[in-house]
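Database features, via TrEMBL:
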TRANSMEM  20-45  transmembrane segment
DOMAIN    24-333  domain 'Major facilitator superfamily (MFS) profile'
TRANSMEM  65-88  transmembrane segment
TRANSMEM  100-119  transmembrane segment
TRANSMEM  163-190  transmembrane segment
TRANSMEM  213-232  transmembrane segment
């Protein structure tokens with residue numbers, strides 16, 4: 001394998017755990033933090049959206065999103081995520097992880113803000129533009145998912161690679177918790193500032209017009225962690241594994257990792273011949289790839305698929321499923 005023969009990649013694999021490893025964890029982890037926040041914060045505001053834009057004064061219950069609108073608001077970002085993973089994953093192999101990393105981050109920042117600034121004050125206009133911007137937000141998130149994990153794995157050494165990647169993925173849970181915290185904090189502030197009667201007491205005044213700002217602030221907050229990490233992401237050099245094995249620029253990879261590892265790495269005489277060896281260059285859909293990586297890839301993707309069925313459905317629809325578990329909102333026959 002080329003990774004076993006190139007000195008610069010050997011140095012990465014056997015490097016002691018250093019500050020740059022933890023810097024990479026924080027930078028890549030903030031990507032997963034932002035991804036989880038942006039994807040799941042919408043589930044915290046859908047009931048409010050229903051009360052604001054689907055209010056019926058003749059109904060005994062507060063307004064709620066129609067099923068097709070609720071499904072679109074909750075699910076459209078996941079459609080964008082799927083498309084973004086395929087597109088940016090491919091683009092990251094063509095242009096480099098660092099360059100595409102910046103593109104996805106900018107898209108996430110812009111679309112988070114745009115989602116909170118959805119146009120109009122009528123249900124159709126707000127829901128349409130919200131779904132439009134959340135699709136493109138998901139598209140950017142889809143690019144951040146594979147790039148964050150890939151960058152961390154390509155920076156890590158062999159000994160702690162699994163632990164570092166797990167630490168990056170664990171930031172998803174922190175992002176979900178942060179979404180709940182922000183929603184509670186913003187709602188509490190507005191509740192104290194603009195107190196309102198219950199729906200049973202006064203249907204029209206139970207949802208003050210200022211509540212329209214609550215969901216917008218919660219949604220737009222996702223742009224903040226992404227913006228804070230943009231500078232540090234752009235300061236990270238391209239990963240040596242990409243520069244050496246894909247771009248085939250051994251000299252640049254050696255220079256970059258000399259700075260990162262803070263050691264002097266020497267260029268190898270036959271390095272260029274190693275990375276151009278036809279036996280080590282095979283495509284994703286080749287027989288060689290299937291022989292070497294097909295079974296582990298199938299095992300990883302299939303188990304991850306089953307996990308995500310429960311993970312995403314539970315987080316997106318918990319406001320519906322959890323009350324039904326205790327029977328408090330179970331419909332009577």
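Glycine too: its Cβ is placed from the backbone N, Cα and C atoms.
Any TrEMBL annotation is an automated prediction that lacks curation.
Summarised as a single figure, the pLDDT of the domain 'Major facilitator superfamily (MFS) profile' (24-333) averages 85.
For the transmembrane segment (65-88), the partner stretch with the highest count of Cβ pairs under 8 angstroms, out of 20-45, 100-119, 163-190, 213-232, is 20-45.
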